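Student: Pulled from Swiss-Prot, these are the listed features:
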type	residues	note
DOMAIN	9-118	domain 'CRESS-DNA virus Rep endonuclease'
MOTIF	16-19	motif 'RCR-1'
BINDING	51, 59, 61, 109	divalent metal cation binding site
MOTIF	105-108	motif 'RCR-3'
REGION	141-151	region 'Binding to RBR1'
REGION	154-174	region 'Oligomerization'
BINDING	218, 219, 220, 221, 222, 223, 224, 225	ATP binding site
């Protein structure tokens, strides 16, 4: 016999509704559910999904997460009236014990709309699998951390630093390509040997398995930095070496090493960078080791004088072996004047 309407009672914080043969647009149903006569507790999150059955009739599935536990005694509380005709729709009503499972089930066809911030349920292994599945597919690092904080608070507290590092690495965006302020064609006084090096390397037909780097020594405001950075996609290492993925990419054509003291580079990665070595690992202080793809040349830029000049550094007796190696792996260019004729390019 039919259930007595007076015996209905729903005490749940998460609710799963199914409206069979309901042709009301899902967006309108979402608004209707948000504006039901809620009393003390209010919806924090609502998702409405449309599913078309094999006979062509539409069903609507809904997940509602409330601010607290409901105490609904009206069996018709969730009944909806079609906004453009007199049809009325009564749903199947259940407490959603596993909101992750319900959320995934109702949106398997991908046709849904939602409002509010979904709160991931935690506890069981399967639920935690969903927590991390949702975190990986979040829109940002902050959103992923919020999902893990709600669904697996113990890991969030105990392993926060490792978790933060992993999430930031997962959502790390590659560095933005540098846009040169001057056209490459504006450098009209490039020495022939320097231009030949660039033409040879950037001609893909003549690309060498292990290309030669180049060391350019010249005074300030000769345009050497702007010229070097205008050749194509590159990493720019200025003053020190930084292989953090926020500024360093393995998907560029060359490195520009600008004003990095030769004694510093010797202590770090002289042969790896100038020798265009492949598949090596950084060991710079204060950072975790980073795997470098390599195989690209470096343009080393320096000023003349003690502490800056790579030639003067290599001419020292204690660096004779390094000088011999460098001369086999790099060309030296000494600028006698600016690489441009205009007074605008003074870098």
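Numbering starts at 1 and runs along the chain as displayed.
Backbone N, Cα and C define each Cβ position, glycine as well.
Looking at the shown structure, what environment does each listed feature sit in?
Tutor: Confidence over the motif 'RCR-1' (16-19), given as mean pLDDT on the 0 to 100 scale, stands at 95.
For residue 61 (divalent metal cation binding site), the same-chain residues lying six or more positions away in sequence with a CB closer than 8 A to its CB are 16, 17, 18, 19, 48, 49, 51, 105, 106. In the three-state DSSP scheme, residue 61 (divalent metal cation binding site) is classed as strand.
Outside the region 'Binding to RBR1' (141-151) by six or more residues, the chain places 117, 119-122, 127-128, 130-132, 134-135, 163-164, 167-168, 170-171 with a CB less than 8 A from a CB of the stretch.
The DSSP breakdown of the region 'Oligomerization' (154-174) into helical (H, G, I), extended (E, B) and coil residues amounts to 16 helix, 0 strand, 5 coil.
Around residue 221 (ATP binding site), a 10 Å sphere centred on its CB holds 12 further CB atoms from the protein chains shown.
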Student: Enter the number of other CB atoms within 10 angstroms of the CB of residue 223 (ATP binding site).
Tutor: 25
Student: Quick check: with 51, 59, 61, 109 left out, which same-chain residues have Cβ atoms within 8 Å of the centroid of the divalent metal cation site Cβ atoms?
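Tutor: Here the nearby residues are 49, 50, 52, 53, 58, 60, 106, 111.
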Student: Do any residues, 6 or more residues outside the motif 'RCR-1' (16-19), come within under 8 Å Cβ-to-Cβ of it, and if so which ones?
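Tutor: Sequence-remote neighbours of the motif 'RCR-1' (16-19) are 29, 59-64, 78, 80, 89-96, 102, 106.
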Student: Using C-alpha atoms only, work out the spacing between residue 221 (ATP binding site) and residue 109 (divalent metal cation binding site) and round it to an integer in Å.
Tutor: 61
